[in-house]
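Copied from Swiss-Prot, the annotated features are:
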- 1-19: signal peptide (SIGNAL)
- Cys31-Cys59: disulfide bond (DISULFID)
- Cys38-Cys53: disulfide bond (DISULFID)
- Cys43-Cys60: disulfide bond (DISULFID)
Amino acid sequence: MQILTLLFAVLLLMLRAEPGLSLARGLPQDCERRGGFCSHKSCPPGIGRIGLCSKEDFCCRSRWYS
């Protein structure tokens, strides 16, 4: 039973460290520096979210950006 508790704790630590699970909140200038743009409430179709510009604005960038 202790092994299950340990495995569960390790799993939670791994999920917290996963960079894709949370969006970085920043300034619009940070978004532009990353090659993105701010969009209110959602990103247009075919465009992915890469962060947050503010509470209601997402930082969006083309999936084909290199």
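Keep in mind that glycine also has a Cβ here, set from the backbone N, Cα and C atoms.
The disulfide-bonded residues listed here (Cys38, Cys43, Cys53) include Cys38, Cys53 as those with a Cα within 10 A of the Cα of Cys31 (disulfide bond).
Here the Cβ of Cys38 (disulfide bond) has 18 other Cβ atoms within 10 Å, regardless of which shown protein chain they belong to. Non-local contacts of Cys53 (disulfide bond) by the CB criterion (under 8 A, 6+ apart in sequence, same chain) comprise Gly26, Leu27, Pro28, Cys31, Cys38, Cys59. There are 20 other Cβ atoms within 10 Å of the Cβ belonging to Cys60 (disulfide bond). In the three-state DSSP scheme, Cys53 (disulfide bond) is classed as coil. Packing around Cys59 (disulfide bond) is summarised by its Cβ count: 27 other Cβ atoms lie within 10 angstroms of its Cβ, all protein chains included.
A strand conformation is recorded for Cys38 (disulfide bond) in the three-state DSSP classification. Each of the disulfide-bonded residues Cys31, Cys43 was scored by the number of other CB atoms within 10 Å of its CB, and the largest score is that of Cys31.
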